[in-house]
2 protein chains.
Amino acid sequence: MLNSTSLIAEARTKLEGYLLKKGLRRSSERFAILEEVYSRDDHFDAEELYQAMHQRSFAVSRATVYNTLEVLVDCHLVRKNQFGDEDNTKSRFEKSLGRQQHAHLICVNCHRVMEFCDPRLQLIKNTVGNMLQFHVESHSLVFYGECSDAACVARTKAAAEHANLQEGKTA
Amino acid sequence: MLNSTSLIAEARTKLEGYLLKKGLRRSSERFAILEEVYSRDDHFDAEELYQAMHQRSFAVSRATVYNTLEVLVDCHLVRKNQFGDEDNTKSRFEKSLGRQQHAHLICVNCHRVMEFCDPRLQLIKNTVGNMLQFHVESHSLVFYGECSDAACVARTKAAAEHANLQEGKTA
DNA sequence: GTCAATGCAAAAGATTTGCACAAGT
DNA sequence: ACTTGTGCAAATCTTTTGCATTGAC
């Protein structure tokens, strides 16, 4: 298992190789954004990354954030997710180097994101490719449900009771 | 297996029951939209539904389309999907009555949508719920890859050759 | 020096919202 | 009659784009 220091070093090297191969420029913004991405362990959106870069006093524009995230996704240093939970319109990103593909669990109440690996998914992937003559490149598996975090459960229960009262009134 | 005539009848009945239970009104728009949804076999977005309603000469506003789709999703007559392919920002919908949950395959080249069922997914679902103390309500499994449609393959191959030329020039 | 990358602000596209009117209860 | 649903247009939110400037090569 790689520690986070060598992980970022490996990521930097990989990005460098990719940029050279593609004839893209090794701008300081690209490496600074990579640094920020690899310093985080969460599933962040473009705006959060933008804000974090500003707090880290390496201010980049939103355009550069979006542009660079696309580059990082292209060279497989970042994975892009579309979780269809509360905010169906924005993408969430995570670093990918040294981390195997995993499923995501989204709590429909508190929007917490959890991760889960299951080797059976790989078997399904193989079957689907063969059956439908489809060359599978990647996948996304998301489970939606209710997490067991105490605060979330309490909040949800209270909200449900409130909703029942409302329903009782109108029905 | 239900035919489409009885399917729509069942859907209408179910919607009626849901609206009554919730104290919502049985507006003609809601039933007309349900009708349109159940007459289709594809994965459509809100705008396509809006346009279809206008061609069917039952003009409804976009606001009503969005509002009604939410109602139909709530009562499980419609499923809402976020496929993160070409258009990461819009949702695609499909009727759900009488159709089991399935995985989707999205061709990254032509954006064709295919469906696929695998019982092993259910097993994963059970495992994940138990392991992480998470009550799974629903899921979304999407495979991205290249389909084997002749026209799509030819188009993609031509595009790839063009891209290689470009890369050769700059690198 | 050249051309791609950045920053900014404006544009675009999907969805939501506020308000006046229509219609289901 | 009462109050929710609808229609319209404006607002919102994320992401993309155009253009002038900066910086990597």
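All residue numbers here begin at 1 and follow the chain in the order shown.
Any Cβ shown, glycine's included, is placed from N, Cα and C.
Among the features that TrEMBL reports, Zn(2+) binding site is placed at B:C107, B:C110, B:C147. Classification of B:C147 (Zn(2+) binding site) by DSSP places it in coil, neither helical nor stranded. Take the CB of B:C147 (Zn(2+) binding site) and look out to 10 A: across all protein chains shown you find 22 other CB atoms.
Positions annotated as Fe cation binding site by TrEMBL: B:H139. A C-beta separation below 8 Å, combined with a sequence spacing of at least six in one chain, links B:H139 (Fe cation binding site) to B:Q101, B:L121, B:K125. In three-state terms derived from DSSP, B:H139 (Fe cation binding site) belongs to an extended strand segment.
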Beyond the listed site residues B:C107, B:C110, B:C147, identify every same-chain residue whose Cβ lies within 8 Å of the center of their Cβ atoms for the Zn(2+) site.
B:I106, B:V108, B:N109, B:H111, B:R112, B:E146, B:D149, B:C152
Looking at the binding-site residues B:C107, B:C110, which one has the fewest other Cβ atoms within 10 Å of its own Cβ?
B:C110
